[in-house]
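Feature list (source: TrEMBL):
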COMPBIAS  1235-1244  compositional bias 'Low complexity'
COMPBIAS  1245-1254  compositional bias 'Basic and acidic residues'
DOMAIN    593-758  domain 'SSD'
REGION    1231-1254  region 'Disordered'
SIGNAL    1-22  signal peptide
TRANSMEM  267-290  transmembrane segment
TRANSMEM  327-347  transmembrane segment
TRANSMEM  594-615  transmembrane segment
TRANSMEM  627-651  transmembrane segment
TRANSMEM  657-679  transmembrane segment
TRANSMEM  733-758  transmembrane segment
TRANSMEM  808-826  transmembrane segment
TRANSMEM  1071-1090  transmembrane segment
TRANSMEM  1097-1118  transmembrane segment
TRANSMEM  1124-1145  transmembrane segment
TRANSMEM  1165-1188  transmembrane segment
TRANSMEM  1200-1223  transmembrane segment
Amino acid sequence: MAVKLQLVALLLATAVQLGARADCIWYGESHMIGEHAQNLAYSGPPLAVNNADSEAIFAKRCPTLYAEYKGENGDEELKLCCDAKQIVTMDGGLTQADGVYSRCPTCTLNMALTVCSMTCAQNHSLFLTAYLAKNPDDVDFVEHIDYRIQDESVMKIYNSCASIQHPQTGRPAMDLGCGAYNAKTCNYRKWYNFMGDAENSDYVPFVINYMWSEDAPEGSDDYYLEVHPLDCGQSYEGNYACACIDCEESCPLTEAPTGPVDPWQVAGLYGITFIVALVLGLLITGFICWGATGDRRGANVCMPTLYGEFLYRGCRSWGTFCAKHPVLVLALCSWAIGGLGYGIVYMNVTTDPVELWASEQSQTRIEKDYFDQHFGPFYRTNQLFVKPVNKNTFTHETINGNLTFGPAFEQSFLQEVFELQEQIMQLGMSEDAGLDKICYAPVLYPGLTPTVDDCVIQSVYGYFQHDMSKFQSSYVDANNYTINYLNQLEDCLRVPMMEDCFGTYGGPIEPGIAVGGMPAVASGEDPDYMLATGLVLTFLGKNQNDVSKLDISFEWEKRFIDFMRNYTSTRLDIAYSAERSIQDAIVELSEGEVGTVVISYVVMFLYVAIALGRIRSCVGFLRDSRIMLAVSGIVIVLASVICSLGFWGYVGVTTTMLAIEVIPFLVLAVGVDNIFIMVHTYQRLDHSRYPSTHEAIGEAIGQVGPSILQTASSEFACFAIGAISEMPAVKTFAMYAAIAILLDFLLQITAFVALMAIDERRYLDGRLDMLCCVRSKVKPQKAHEVGVLEQLFKNFYAPFLLSKPVKIIVLLIFTVVTALSLMVMPSIEPGLDQEMSMPKDSHVVKYFRYMDDLLAMGAPVYWVLKPGLNYSNPAHQNFICGGVECNNDSLSVQLYTQSRYPQITALARPASSWIDDYIDWIGISDCCKINATTGGFCPSNSKSEDCYPCERQFTEDGLRPTPETFDKYVPIFLSDLPDAECAKAGRPSYADAVIYTLNDEGLATILDTHFMQYSTTSTTSDKFVAALREARRVQAEINEMLANNGADTEVFPYCVFFIFYEQYLTIWDDALVSLGLSLAAIFAVTLLLTGLDITSALIVLFMVVCILINMGGMMWAWDITLNAISLVNLVVCVGIGVEFISHIVRSFKQARGNAQQRAFHSLSVTGSSVLSGITLTKFAGIIVLAFSKSQIFQVFYFRMYLGIVLIGAAHGLILLPVLLSLLGPLHGLAKDSSSESLTSMSRRQSQESKNVRS
């Protein structure tokens, strides 16, 4: 009611203003100039229209004037200063405006206030001044006019239209409607001046010189038209206010998104773990200091073994059998190895990044597959980033002042870039395998074959339509200013939607995609593209689900890569990438590291070959060495890896080259350690006590077999649990590693035992190593042997470490380091930077770096709406559209609202909406056309006599097509190309976005659709993860809206990058679950295989947890992120940590004496084997990885494996013996005098080592 009263008041005011004088400046049409009708000069009173159709048009377009001129009762004769033809012409002009502004009825009716007043008002001469000329018939016509108008009136009209969006582009409509100005720089005067500029606009019929009231000379008597437009949130009678997307006043009050809430922090670290670590550290430190003040004994500890003798006897019998029948055992093992190894021929190795990082059951993988199957895969992107060597800015003088341009627009640089682009565009053309065969060309009518000019190429060269002569054109204008390529760039970078700036493919060149390196601006603001420091050239290619159809694309992309690799320039600094580049780099990475891996294995082999023997002199080197045994042991390790690959090859589990190269490291670490322990245990035995070699070997296996079984079982369980992970990289690695560990254990207790027996017989027969046919003249010694490393441990290291002062220092240092590691561990950043996954010398690394600098626009996000809506039903339309009558919480409105907070949501623009554009398109009479002969599609711009407008019907309010009309013309909308009259035709933007079927009557049923929305730039893992997290939140809110409205459908976001970053949403949860289950498995296995010795199991568990915590601290300090690769390595850390701990704990339990003496014995005897067998072996191999060309190898394998070895060795060989020495009396076992000296204990235990039993 308030609005109606206001309208009455406005009408009265208008009547007073316009009724002062009644004469016209024109009436009727004179002749045509181009496509525009000119008006006949006329200075008489207004005349009657006398045409019902034109009067109806005037009533629709000019309701305010119509109500005034028809009188209070509406029965007066309509008299105007325009005839029926002029009304139709005016309607045609406003129809063009409808193509841009019709989403907001208030805006179009506000605009019509001034257009109707200019065209038909009864008193033109009050505010219009006509300038006449002669037409070809020598009759006066109005050549141009002065239009005096109030600033405030036009400002209100402009404000009502300024926020209207153009759904296809996601840009404000003012980018299309303000000439050389975009929505940011436009204002009401610039807008109206453009609409009156016939010289620079093909759509203005004659020059309209707007004269503004605020510029009027003081004391002027000239009348300036004043109209009274409504705000966009208000509505004219019988119409609707603008929708939320186009008018902020119409939006419901909503709270801005806040993003994830940061947890409580202390000094930049997670507060909870900081406090816990600090409290525990202080308590333990205080306890250590308290214990160091006196001679206190540890608490009584029980280490029971309920069935340990059973394991000892079983392992001894098994070892004796294998040593007694070596040939049989080796034959059986060789058959098993051959059978399993043959499965390698069925092994499938993948280089597809999606297969590497995304589980088939992951949400993003399912969504990607759905999108690909329904809409086709995302485009194949081939891209160049180009920077000039010259970094200087420069200025260009114009009539509006000096313009500053960035170094990317220097003419010689641009010319060379454009010449390079032309060469790329010609690649393969002579072989009929050029860009035109593989490119994406959406702006073509159905059935046409694209040329290179039809291909979507996003490059500033498109602003010159790939015409070098146009780029080089330069002249001096009448004001003595140079007009050249820089003027065109200024216009196009500011307003890329101008037709003069369209690329040859028929669409705009996005500045945010074509240039980069501008100074940073506030989020949501457009950067100053004229200050760009680099250019981006993007060649989009078609993609296919069927890879076999992409051979020509692969060929062109290879030709592109080869061309760019050989291209040189002194002016251009180029980074480039093709769609296939990442997969090529993965292959290159795998193949490039084969040499590094082989060298690493060779170094470990040489160390093992030398360290395994007991070499006393150079003369007896070949007699005492165990090179062949060492070779055999390593061959067994590699055989277990081959058998694992073969086993999973039979099963059909895909793997990666990285897994194939890394798993042998793990198995060597475990396997070589066991080899050293078995050989050293056998060498320590007093062989004179055993009647045969096989019995002695059996005894050695009986002593160490349970320990080896314990570690192997723990590691197998650890990796078997890791295989339940949904991350393919973790899952496949764990599966292959688990079987490799199992097979390595089985081969070591069978084949290696048999080989030990054969090698020992060789030694006892006096035959030389590697030269078995040659006998040595020196009689072999049968006395049990103590190695040099063991002697160093007994005589120097163990006494030093287990002295009281050193133990206190060790405990304090480990307490502090572990507490600090616990503080910082939760602060490890999730993610994996893209360039780190590539070889250092790959062209993709430079491409990723330049992407950080130059990419100004993010990847598109597609909001996919599954079937379930009846799109011809206005109620269902309201769930998703963004225009008039649409719900305030519709899909489009929600996406628009989220785009207003790009710094949080990472959504840069409103989403494109095919349904809004379709409703607008079908509402324009001349856009939908049908061929009279075929009944099929006709282009909207066709002038053929066979093409006629579609028969359309609308709902009562005239805003929506009826269901039948909606369904009937969807295919035509999706086939039509946009132009000035039908700017919202849908083929370029929506042909691939709407999936529909046709029934027998030709009516469409729409199934799947998507709504595309540009995101902000994301180049780091944390930004991608944040964008995905926000997209999931928006998805949940939209799906909740759909569910609340009873809609049986759902929406999901798809972005080509999301699939690689979903793992980081739950990486911490996955890591804690995987590591927690692995630790639980280790505890359970240790408990079972130690005869339910819970003390040993808890010690092993505690030490492995400490190793993990310190590994976390090392990762934080060394900037190693948490991802699938580092999680695999943490699982490896758990497995290898057991190796460092379990053997020493079992040796401690087997030894005699008090805790100090047992710790001394376990450190001296078993610790030396652990140091030589796993620490030094792995250290030798890992050092080689430091020279790898791959950053993944350097960071995630060299750094992490070095950390695993050093941290594991530190805990197993330093902290563990100290903790064991502090245990109290061990119940059930004999105790020796605690006052016995370390030296005498060493001598006694050396004599008693032969009596040690499991």
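Quick reminder: no glycine exception, Cβ is built from N, Cα and C everywhere.
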Candidates 594-615, 627-651, 808-826; stretch with most C-beta pairs under 8 Å toward the transmembrane segment (733-758): 627-651
Verify whether three or more Cβ pairs under 8 angstroms connect the transmembrane segment (1165-1188) with the transmembrane segment (327-347), leaving out any pair fewer than 6 apart in sequence. no
Tell me, please, if the transmembrane segment (1097-1118) and the transmembrane segment (808-826) are in contact, taking contact as 3+ Cβ pairs under 8 Å between residues separated by 6 or more positions? yes
Of the listed stretches 594-615, 1071-1090, 1124-1145, which one has the most C-beta pairs under 8 A with the transmembrane segment (1165-1188)? 594-615
For the domain 'SSD' (593-758), would you mind checking the mean pLDDT of the predicted model? 81
Within the same chain, the residues 6 or more beyond the ends of the transmembrane segment (1071-1090) and with Cβ under 8 Å of it are 305, 308, 311, 706, 709-710, 713-714, 717-718, 720-722, 724-725, 730, 1096-1098, 1100-1101, 1104-1105, 1108, 1122, 1127, 1130-1131, 1134-1135, 1138, 1142, 1146, 1149
Short question: which residues 6 or more past the ends of the transmembrane segment (594-615) have a Cβ under 8 Å from it? 621, 624-627, 629-631, 633-634, 661, 664-665, 668, 672, 675-676, 679, 683, 769, 785, 787, 1172, 1176-1178, 1180-1185, 1187-1189, 1193
Between the transmembrane segment (1124-1145) and the stretches 627-651, 808-826, 1200-1223, work out which stretch tops the count of Cβ pairs under 8 Å. 1200-1223
Contact set, same chain, for the transmembrane segment (808-826): CB under 8 Å, 6 or more residues outside the stretch: 269-270, 273-274, 276-278, 280-281, 284-285, 288, 292, 801, 1068, 1106, 1109-1110, 1112-1117, 1211, 1214-1215, 1218
Please report, as numbers and ranges, the same-chain residues at least 6 past the borders of the transmembrane segment (1200-1223) whose CB is under 8 Å from any CB of it. 298-299, 301, 665, 798, 801-802, 807, 810-811, 814, 1099, 1103, 1106-1107, 1110-1111, 1114-1115, 1118, 1120, 1126, 1129, 1132-1133, 1136-1137, 1139-1141, 1144-1145, 1148, 1155-1156, 1158-1160, 1162-1163, 1167, 1170-1171, 1174-1175, 1178-1179, 1182, 1185
